[in-house]
Each structure stands twice: as structure tokens, then as C-alpha cells.
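Look at TrEMBL and you will find A:25-375 tagged as domain 'Luciferase-like'. Look at TrEMBL and you will find A:D59, A:T100, A:Y154, A:S210 tagged as FMN binding site.
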Amino acid sequence: MSRANGRLHLWAFLQGIGFFPGGWRHAAATPEAVFDRAYYERIGRMVEKARFDAIVFGDQLQGRDAAGRTPGRLAIPTLDPFTLLSAMAGVTEHVGLVATVSTTYNEPAEVAAKFATLDYVSQGRAGWNIVTTAHPNSPLNFGETELLEKSQRYKRAAAFVEAAEVFWGSACGKKIDRAALKSDWFEIDDTLDFVAPPQGRPVLVQAGQSGDGRDFAARTAEAIFCPAPTMEAGKAYRDDMRARASALGRDPDGIKIMPGLALVIGGTEAEAKARHAEVLELADDVLAVEYLSESIGYDLTQHPIDKPFPIEEIVARCEFPAEGVRAQLMPAVEAGTAIKDFCQAYARKPRGHGIFVGTPEQMADHMETWIDAGACDGFTLQPGFMPFELEVFCDEVVPLLQQRDLLRTDYQGPMLRDHLGLGPLA
Amino acid sequence: MLLSLTIDLAPDEIGAEGFRHFSDRLRAIDAIAPDLVIFGGERDTALIPGRLEGLVNLPWAAGLVTSAAVVAVLPALHGIPFHVARALSAIDFVSAGRAGWAPVCANHEVIDRAYGQQYAISDAEAPAKHDDFLRATQALWDSWDQDALIIDKASGEYLDSAKVRRVDYRGPYFSTMGSLNAARPPQGYPLLVRDMNDLSADSELPADVVLLGAETITEAEDAIVRLRAAPGTANAAILLKVTAGRSLDLPFEVEGADGMHLIGHPDAATVAAARARLPARTQPGDTARARFGMAPPINPFTQKALV
């Protein structure tokens, strides 16, 4: 079965309108469509036909505003992930549906009920990308003033997942482990009567990077979404996670490592490079300044953007931790770089993920090389902008991957666990 | 007269075959074209959250129930306004303005135990928390103006920054800053349904649809007079609860009722019998609020209600 399932796993990470902040402006982008059901239905069917394991939606628990000013040139964040995946469930039969949900500002009972419901309406295709929340504005949306310190966030996450497991077990008729409902974080007395998830529980996905994050992922995750800017970085990460899993007595093949990969594909290399350049150009100066403003929690648009950063004013008032912001901006301050120039460079390579620019053949080569090197088990694709780049990938790269026996030509079972080659739950 | 009903997942509708049965049941109901379908459970005659989580079920169900307004029953004392506001915004978009919510207190003792001891609350205190939950959630929808989005590729203007704001809502139980990371729902606020068999019955907040349980004509008419006199429900659509298997006559005999809400697990034949007596008066494509004659809500930040 593992052979028929392919050596290469594909996930589609659909962040709003796509990977590049200016991508929504491209002539082939459809930014209004992200508000329509038909768009999600079409994307779901397309990804299923291309035999992806799953669709993943990211999440944030705050608006995009920096100090209260919402950017005027950046697209709205992804709509609620559960909603989009639930709508897609109705028009697909195989593709997995992975929602990113934070353990920091939620309750286990509610999250367990939501995933049981998503697993039911999709008949066994739900996955949970378990994240913790570190954005300084998020606590203020949930009646808190301070973020949880990082190791505390991961402790809460572990207790949260343990409690959620009890809810799912109970829904499936297992005896309730009441001790697991009590922790430093939760004082839960009983489970809820909700529908049994067909998979027993959602597939557990993680995105841990730090020591705490990797440790949590090694214990919990069945798939990991991570940045891997180079093949060497990918291999080092995968080797580390497999070693951690083995040390914990887990089968390392039970964790699929799925680095993010943004893509711009063209009929020729020159065409791909031209479109990459075109999409970067669409991020004009003000857009780029808004993009950095969001990531430091300070509205830079109030300053002349062709002048250097007023660093002391920024670190005195930014919503992100001042020392981190100072460290990020100091090289530009010392070099006297104009705000807009620094922001342009920042907006060109978002979020530390690899970016592939080339032909379908080159992309298939790239993927095969990484798989052969043991640098990953597949890729979490981040189309440059939607839906165009994803359509090109499905039409032109997927057949090549199938010809090379890397990607399955048919699903080997109905559930997300089947696509990942995970056996049934114990 | 409007036709509404409650649907919950039956205990035996599990497994692949049970799932097909549930899906077929929704299609059969859709073919009858009721005006409102509420997804939730029942305890006695009161709405309670159902065996499918309301917000996650609704987008899928809206693909099968294609013309009616679709409503999720939510635990008002346990929900988190930011998550609820965000999900209902998305649901309202993907259902083309057919979404509604029914936040209830009923069954809270059971849900309290599953959420944890800090959620324990007395029946006396519950209505205040219910109202605070509603206000906080609606405040987050008000963090966006209806016409905030521009989406002009040529100029690069995506939205008008002056039309999105932090609301900094601070209530006795819930505080939330905003802005919401989701646009104002197409309806402004999704359709709000209140159950008069719930602890929240005495709320003075406006409701768009009221479900009223009554045994006799007099009881129902007295209740309707009281609802019409209260500012929050003066314009609400008042639907009389009728239990499946009993006479459908009551809503036709009561002065001032706007329609019928079927409870007690009505099957398709029961819904069809009710529809036969209540000719459809709305059109597919109507938003939920339009179907129930509700004006778009006014955003307190702009004093405008755009659609």
C-alpha cells in the first residue's frame, strides 16, 4: 500500500489569496472569489483530482492592524478555516481537510466537538494543525492582557491535546480517563455527547521549530509543517525529528515531514522568472511598508517612507517585543536605509519558506531530489497567488510526479490517515 | 406564514450508512423548501446545542439545505466571541447571507462540566452572561463597515483603513479588542434566533426570530402581546412551536403568529404536510434577514446600515 500511495505527499496550504502579499493584484488572481462558496468547492475538487493528501488553512487570532490601523493594500486573512473545510467536505470524497487551531485561546471541549464534526461531515478526513498563539494582540481579543510565556504555551498545548483525546475517546465509546481531564490548565469534570469521529480523532499535525516545539511535535504529531529554505536544512530537521520520535519509542515513519514550498511555475524558466518579478512588483512601496508594520505592530505609514526608521520612537511604541524589533531593524538603521527599501526586501521573501521558480519539469526534479535525499516526505505547497499557480501545478506538475511513480494515481483509502499511510488508531 | 424546524443528528446516523441517511434527510427537507432550518438538539421543548457542533456543521449543511436560512444552536455561556464572530462571518459569506445563530443557555449544567469548573454559573446569573456574549460578538462584527472592502487591482486599494477599527469591547464577562480578522457578514449581523423556553427568554436585546412554545391559544396570544410590547422583539418574526405528530392547527388559530416551528424530530412527511398548509412566500436567493423582514442592522460606529 505504501508504494501505491506514492513516496511524495502533497498538501495545499491555502493562505487567503496566496503566498505573495501583492499577489491578489495579479491579472490572473481572483481576490473577490475568496468570499464565495463556489471558489472553495472548485479548489477542493481540483486538489482532490490531483491526489493531494490534504488542504490546510492557516489561522490567526488577531486582525492585521498595526496599532489600530488596518492595512489598506493587504488582502484580508483567510476566512475561518473550519468553515471553508466544512464547505469543501460536501463536494469531495477523499482529500484531507486540515484546520489550524490554537490551543492557547480555546477550550478542549469545543475544539474536540468541532473536529469530531468536521471528521463526521467529511467521513474521516479531518486533521488538526495544532498551534500555540504568540501574537501580542491576540490575548486582548480573549479578555487577557499578557501572552503566555513560550514553554507555558507548550505545556498548555500538551494538556489541551491530552484532554481533547479523552473527549474523542468518550465519543467513540471508550472509558473516560478522568485523570487526563485534570491538569495545571484544565479542571474538567466530564465529556460531552457529540458525534463519534470516523477516524477516532483528527490526524494531528504540528509546526514546531524551537526546542519546545520540536519536543511537542515528536510526541504528538503525525505530520509536520515546517519551513526548509534549503535541502540541507530540510534534511537536518527531518533527521532530528525522526531521531526524537525513535527515542520516544515511536515509528519515525509515523511522522511525515512536509516543508512549505511557495511556487511560481512557467512554461519556460524565463516565463516563470518574469511572473515572479511581476508579482513582486505588485507589492508597491506602501504595501510593503504595511506588511512590515503588521509584523512589528507599529504603523510605519505615519512616517515618510523614503527616510530611515525613527528607531527609538518605534521601539518605544511597537506592539511586538521591542528588543526583537530593534534587532530586526538595526542593520537598516545603521546603514541609513530608507523605510521603503527595507520593507521591499522584507516583502519579497515572506515567512522564511523556500520559493520555487521554474518549469514543471524543473519542479518535478526539485521535488524528486529532496525526496531522494531524505530531506522531506513531501511538500506543503503555497501557491504564489490563487488560484492560478495551484491550477498550473495540478495540470502540469502532478502528471510528471505520477509518471515518475512519486505521487499516487489513486487514493488508497477514504480517510486522511490512509493517505498518510498511518494505520488505524490503537 | 413561515415554516421552520429543528434538525439534530439521530443517534443511529453514524457510520457511512448513517451519514448517507442524514445527508438524504437534509436533501429531502431541502426539496420541501422550509424557510428556516435550525441545527441543534432539544431538551423537553427547549433548544440545546446538538450532537454536531453548530458552527462546523453549518457550512456543510448549507450545501444540502440550499434555500432556507440555516441556524446553528450555540452554547452562549461557553462560546468565545472572537471565534464565534469570525466563524459566522465566514458562514454568512459561503451561504450567501443565509446564516443565523441561536445562542442558548439551556443544558448549561452539562456543558459547564465539560468546559471546566470556571464555567459553572447559576441559572440566575446565566441571562446576564448570555447578553454579554451577544454584545461582544456583535461588537466584533461592528469592527468592520459593510463597505470596507474595495479590492481594486489597478490602484492596489484592497480596503479602506478608516472603515476597520478596534472596538475594545469590555463587558462584565467578555472583553475583546478587535478588529475582527474577518469582514462584516453580508447580512451585517446574521439572523438572531431566541428561544422563549430558554433562560435567555427575558433578555431585552433585539432578536430577529422568536420561537414560542404554548399549549393553548390564549397562552400564545398573551405571550405575543408581551413580545410585541418589548422593544427587542416588537418586530421579530414569532414562530409557534409545534411538536411533530401533534395537530398543526395552533399557529393558524393564534392571532399575530408569523409561522410554525416544528420540533420533536419531524420527518420529511411532517414538514411536507406543514408546507402544504403554509404556501412559500419567500424566494430562493433571499438572505435570511430579508426572508424574515428584518432591516439591515445599523453599525453604531457609523450610524449606517449598508447592504
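If you go along the chain as it appears here, the first residue is 1 and each next one adds 1.
Glycine too: its Cβ is placed from the backbone N, Cα and C atoms.
What TrEMBL says about a protein is an automatic prediction, not a curated fact.
Features per TrEMBL, on structure.
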{"residue": "A:D59", "record": "FMN binding site", "Cβ contacts under 8 Å, 6 or more apart": "A:T78, A:P81, A:A99, A:T100, A:V101, A:S102, A:V131"}
{"residue": "A:Y154", "record": "FMN binding site", "Cβ contacts under 8 Å, 6 or more apart": "A:T132, A:D212, A:G213, A:D215, A:F216"}
{"residue": "A:S210", "record": "FMN binding site", "Cβ contacts under 8 Å, 6 or more apart": "A:K150"}
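Spanning the listed FMN site, residues A:D59, A:T100, A:Y154, A:S210 have a farthest Cα to Cα distance of 19 Å. On the 0 to 100 pLDDT scale, the domain 'Luciferase-like' (A:25-375) averages 95 in this prediction.
For A:T100 (FMN binding site), the count of additional Cβ atoms within 10 Å of its Cβ stands at 22 [all protein chains shown]. In the three-state DSSP assignment, the secondary structure recorded for A:Y154 (FMN binding site) is helix.
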